Amino acid sequence: MLRKSLTLTSRAILAAGGILFAIALAASLANGSALFGSPLKIGAAALSSAGLILFMGALANRYLSRSGFLAVLLALGLGLRLAWIFWIDTPPASDFAFMHAAAMNAASGDYSFGDDEYFRSWVYQLGFTMYEALVIKLFGSSLIVLKLLNALFGAGTSVLVYGIGRRLFNEFSGRTAALLHACYIPHILMCSVLTNQHLSIFLFTLGCWLVLNRGLDAKFRWIGIGLAFGLGNVMRPLGSIFLIGFAAYVILFELLPTLRTAKRIVIAKAAGVLGVFYLVQMLVSYALIAGGVTEYKLSNREPYWKFMVGLNAATDGGWSMEDAKLAARYPLGEARNEAELAVVKMRLSDKAEVAALMARKLVLLWGGADSATMWSLGEMGKPELTRLLDQWERTMYVAMSAFGACSLFVLLRRGETRGPLFLVLLWLGYAAVHLAIEVQTRYRLDFMPVFILLQSYGAYALYERVRPFFSLEEQARPGRGVPM
């Protein structure tokens, strides 16, 4: 009975992931049609993109050794990012400008910015701010150093994507996923932006690689998992999603399927991951407090703001000046929290409107036009370049969404596979959280490694069907993981 229930649960998780890919595909096709001028044009462009992805994956899989592929991957990933950041000199803007200005002060020993309402409200932003301050202290105030580190973390994430993909599925999937991540246009463009996403994405992906590469079976790997997720959360507060996904994965696939004699060890190591995670948060918090940077631990002291904004049907869950003005009427603390909570309750009262809003937000986050060109190019006066890059991104995204739907369908047909289910759990959790809180298409970047990894098996499945058209007689090496 338990095994049957777990099988049904696994199939439900895969089906939900497939539905989310289908939503992404339909929404991105509709969005791309407006950008290209017709459904036929975006369809033809997406088909060409899909063919190119399969062709590049086939070439990389047949002609390159593992070391050769890693060399090409690093050269490609770093080369594209370096070319962009040396060509496009994006100045800090929005929250990133605020954090960078604070980091400049911190590097010179001035911590007065800790009293600003921004950092008193969202204390968790101090983690990334102090990382920037450390880089400035060590290497000087030039923006190029921070951007070079963005490029390094992006290229490193591509290597981790390769490692996860080849272990979960096969060599073809791993190489295809890694190449796609290295060439993913928004990730390249955002390297010139001082966002906290590059380092956090690298750390969270590292944590996933550790989970899926022997995970709790290795003696001390639980420490690395906790550190990676913990430090990632210090940079960008998404750690709770990874912890919940990790806990669900351990319960569903480590503890429940069998009466393992080592259950106590598994439970102890899983608890150790949580312990290390929270120890990192505590140590960083106390270090900042002891150093005089702030008097608060890393936290969100305005907990209802994201929900108030995310439930605003008038803006489809995006930031609004009206909400900002409402919050500004009250001092930070209990009075503001009560006012924002009242708005949240009011917006939740219309169930039909809430349901419609959540549907629109799902479509926007996973199918809407990416905002990377806006963040990177801004007001730099390059409309033709912006349009071209937006079109390339849409064709690439539509193709990957189609591969993703195919991937989850094939995995569902074949039954439960533990590794992919961990990634699907994480993605579903991230998507669910954003049904209630603020959304921007920039937030999609945080989970693109997961998105790209899941779609890579669909690319492999389709490649196996069309391989004769590539005139490549050698079969894709099966690697490890899920066979065809």
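The first residue you see is number 1, and the count goes up from there.
Backbone N, Cα and C atoms are what each Cβ position is placed from, and that goes for glycine too.
Unlike curated entries, TrEMBL annotations are predicted automatically.
Positions annotated as transmembrane segment by TrEMBL: 42-61 (among others). Listed as Cβ neighbours of the transmembrane segment (42-61) (distance under 8 Å, sequence separation of 6 or more from its ends, same chain) are residues 29, 32-33, 35-36, 69, 72, 171-172, 175-176, 179-180, 391, 394-396, 398-400, 402-403, 459-460, 462-463, 466-467, 470, 472, 476-477.
Taken from TrEMBL, the feature transmembrane segment covers 68-88 (among others).
Sequence annotations record features per position, and here TrEMBL assigns domain 'Glycosyltransferase RgtA/B/C/D-like' to 133-276.
Residues 69-70, 73-74, 77-78, 81-82, 85-86, 100, 132, 135-136, 174-175, 177-178, 181-182, 187-188, 190-195, 198-199, 201-202, 205-206, 208-209, 212-213, 449, 452-453 of the same chain lie 6+ residues outside the transmembrane segment (144-164) yet bring a C-beta within less than 8 angstroms of a C-beta in it. Per TrEMBL, the feature transmembrane segment maps to 144-164 (among others).
Annotation comment: TrEMBL describes 184-212 (among others) as transmembrane segment.
Residues or ranges marked as transmembrane segment by TrEMBL: 241-259 (among others).
Residues or ranges marked as transmembrane segment in TrEMBL: 266-289 (among others).
Residues annotated as transmembrane segment in TrEMBL: 395-412 (among others).
The transmembrane segment annotation in TrEMBL covers 419-437 (among others).
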Just to be sure I understand, if DSSP states are collapsed into helix, strand and coil, how many residues of the domain 'Glycosyltransferase RgtA/B/C/D-like' (133-276) fall in each?
119 helix, 0 strand, 25 coil
State the residues, same chain only, that lie 6 or more residues beyond the ends of the transmembrane segment (241-259) and have a CB under 8 A from a CB inside it; answer 'none' if no residue qualifies.
2-3, 6, 9-10, 204, 207-208, 211, 216, 225, 229, 232, 266-267, 270, 273-274, 277, 418, 421-422, 425-426, 429-430, 433
Other than its close neighbours in sequence, what residues sit by the transmembrane segment (184-212), given a CB gap under 8 Å and a spacing of at least six beyond its ends?
80-81, 84-85, 88-90, 92-93, 96-97, 99-100, 125, 128, 131-132, 143, 146-147, 149-151, 153-154, 156-157, 160-161, 163-164, 167-168, 221, 224-225, 228-229, 231-233, 235-236, 238-239, 242, 246, 249, 370, 372-373, 375-377, 389, 392-393, 396, 419, 422-423, 426, 442, 444-446, 448-450, 452
Per the Cβ filter (under 8 Å) with a sequence gap of at least 6 from its ends, the transmembrane segment (419-437) is approached by 10, 13-14, 16-17, 20, 167-169, 208, 211-212, 238, 241-242, 244-246, 248-249, 252-253, 306-307, 309-311, 317, 358, 361-362, 365-366, 408, 411, 443, 446-447, 450-451, 453-454, 457, 481-482
